[in-house]
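Copied over from TrEMBL:
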- 53-295: domain 'G-protein coupled receptors family 1 profile' (DOMAIN)
- 42-62: transmembrane segment (TRANSMEM)
- 74-97: transmembrane segment (TRANSMEM)
- 117-138: transmembrane segment (TRANSMEM)
- 159-179: transmembrane segment (TRANSMEM)
- 185-212: transmembrane segment (TRANSMEM)
- 233-261: transmembrane segment (TRANSMEM)
- 273-297: transmembrane segment (TRANSMEM)
Amino acid sequence: MSTLAPLRLLREPWNASEGNQSNTTVGASSGWCQGLDIPNELFLALGLVSLVENLLVVAAILKNRNLHSPTYYFICCLAVSDMLVSISNLAEMLFMLLLEHGMLVMRPSIVRHMDNVIDMLICSSVVSSLSFLGVIAVDRYITIFYALRYHSIMTLQRAVVTMASVWLASTVSSTVLITYYHSNTILLCLISFFLFMLILMLVLYIHMFALARHHLHSISSQQKPPTAHHSGSLKGAVTLTILLGVFFICWGPFFFHLILIVTCPTNPFCTCFFSYFNLFLILIICNSVIDPLIYAFRSQELRRTLREVVTCSW
């Protein structure tokens, strides 16, 4: 049974002829090209864990007034994006199981419509997750380099406009992607967006690390203990770098899959890589599982609030 409907659309390169696909499949049907048989139970378990974790993050941010700031609002939106991955995965798995066991009978047109809805949810979560990681990086950059002007630069109104813009752009782009998913141009736009955001975040993090290291070196040369502000700046940069690394590891193989679809859909090596599609899906779901753990363990205020939420200390 397939998993993650929108990604299923990209499981096989559509711009390869059937004859070429069959030839390369036969030639690459031995050894490591067999792919991995991942049980559906693993997809369901990871989806449930991710859903619960991200719900806790959202509940903690909404509960604690100290977390009602643009930074944590952006983190909340990122958690919602991760929840979309989990909800879409669980919804499709349940939908497919009911159809396969004859417990749900629907016309093919309705099934396709349901697939399109799930497709849009997943694609929207992809774009919004990457966008909010970029927004969080920019927010942290402003916090470090424009600390005295932060509240005048990143006002609540601007934060709301930013969040609304990201969600609107994610919805529109996901609709276009699902409508024209056969077009290599659409895939190239998605790949370019991923690379642009990755480069943007790398540049910001490198600059933040350079500043933090310069401050720590200056303090060490004066034989003074590091201040809370400088330590917090370095800790924040480390946290965002971890988030970036996790996102790149979890989403990188999928975007490499897209690149191969565009560049070499009939090449034997590419065909072998396509056979590991389910592994890429597991990595994507793992990203939504790992992100809340990073927030909980690296933010003392959020960690404390999470304990209150879990123990129902409202």
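Glycine residues also receive a Cβ, built from the backbone N, Cα and C atoms like all the rest.
Counting Cβ pairs closer than 8 Å and at least 6 residues apart in sequence, the transmembrane segment (42-62) and the transmembrane segment (117-138) reach fewer than three and form no contact. Taking every listed stretch (74-97, 159-179, 185-212) in turn, the largest tally of C-beta pairs under 8 A with the transmembrane segment (273-297) is reached by 74-97. For the domain 'G-protein coupled receptors family 1 profile' (53-295), the mean pLDDT of the prediction comes to 81.
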